[in-house]
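What follows is a short report on a single structure.
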Amino acid sequence: MNSILRHNWNLKEVEALFAMPFNDLMFKAQTIHRENFNPNEVQVSTLLSIKTGACPEDCKYCSQSARNKTDLEKESLLAVEKVLEAAQRAKEMGSTRFCMGAAWRNPKERDMPYVLDMVKSVKALGMETCMTLGMLSGDQADQLNGAGLDYYNHNLDTSPEHYNQIITTRTFQDRLDTLSNVRSAGMKVCSGGIVGLGEKAVDRSSLLIQLANLNPQPESVPINMLVKVEGTPLADIDDLESFDFIRCIAVARIMMPHSHVRLSAGRTAMNEQMQAMCFLAGANSIFYGCKLLTAENPETNQDIALFEKLGINTETVAGDTERSDNIVKTAIVDQQNSDLFYNASA
């Protein structure tokens, strides 16, 4: 089974992957997954909203957009001490990567010193760090890299062809430019998309082509299933067929064999069997123990129970010789009930 990295995928061959008989597609994806990863390990991340709501963008799916009529209350930038406290709880619970998200079009220069301090403080705990702050200039990317940021998340959201139906305040090229700035600064890229936005099947193929043809490919690829939020233009859109979502995970694994494919937003709408199929298809990363702003993420004990049923262990930070299986004993109830955690579909 060929798992060589490629950056020249075309629509015809990707549509052919999506059209494979389901069992054949799953077998191909799982075989490639086993060539590159331990099939029974999942990387665990935690997300924290460091600044919530009042975003000026017009993303039609998002509760944080000031243009959408949701009940979300805006909040100011969190103090560094609060961020560090949440990161410590996440580490105790078993997360190896701490992701910090702000509802900004782009960070202002006045915000950068606080953001950089957050990165340095979380890094001092021995965790990997990730941020998603909107568009970045080259200089801002350099500053974040200098502070020690490991990953920067900036999703493409959907295909170039469907993009203007979802967002008009930021271009698709703007997103690619930010990813380029992140790469040039020396950081790892976290970039994926959202399915269930009313796109056609061809749009899912096109989105994955855009991601896989990035050179290098993103180290982390979050695949979100739309979380419908009352007050947004997509609140009443038809649900995505479960098998279409699982196929998207499998094709992403085949096209990006060395990337972590994250089963991201939308897991509360998935039963255990669907999540297990996603892991079989090659998903090997989740957001763990979080509460999303717009919908509950599965509670920590539910994830623990599912991992135990499937015989899944959690991945450790590189260089850590001990398993993080003790998350069963150290899960913290306050984190599940906290209102700080960030909407992974944003």
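The backbone N, Cα and C atoms fix where each Cβ goes, and this holds for glycine too.
Swiss-Prot lists 40-264 with the feature domain 'Radical SAM core'.
Under DSSP, Cys62 ([4Fe-4S] cluster binding site) is assigned to coil, being neither helix nor strand in the three-state scheme. Residues annotated as [4Fe-4S] cluster binding site in Swiss-Prot: Cys55, Cys59, Cys62.
What Swiss-Prot lists as [2Fe-2S] cluster binding site is Cys99, Cys130, Cys190, Arg262, and the listing cites sequence analysis. In the three-state DSSP reading, Cys130 ([2Fe-2S] cluster binding site) counts as strand. Using a 10 Å radius centred on the Cβ of Cys130 ([2Fe-2S] cluster binding site) and all shown protein chains, the other Cβ atoms total 24.
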Rounded distance in angstrom between the Cα atoms of Cys130 ([2Fe-2S] cluster binding site) and Cys62 ([4Fe-4S] cluster binding site): 20
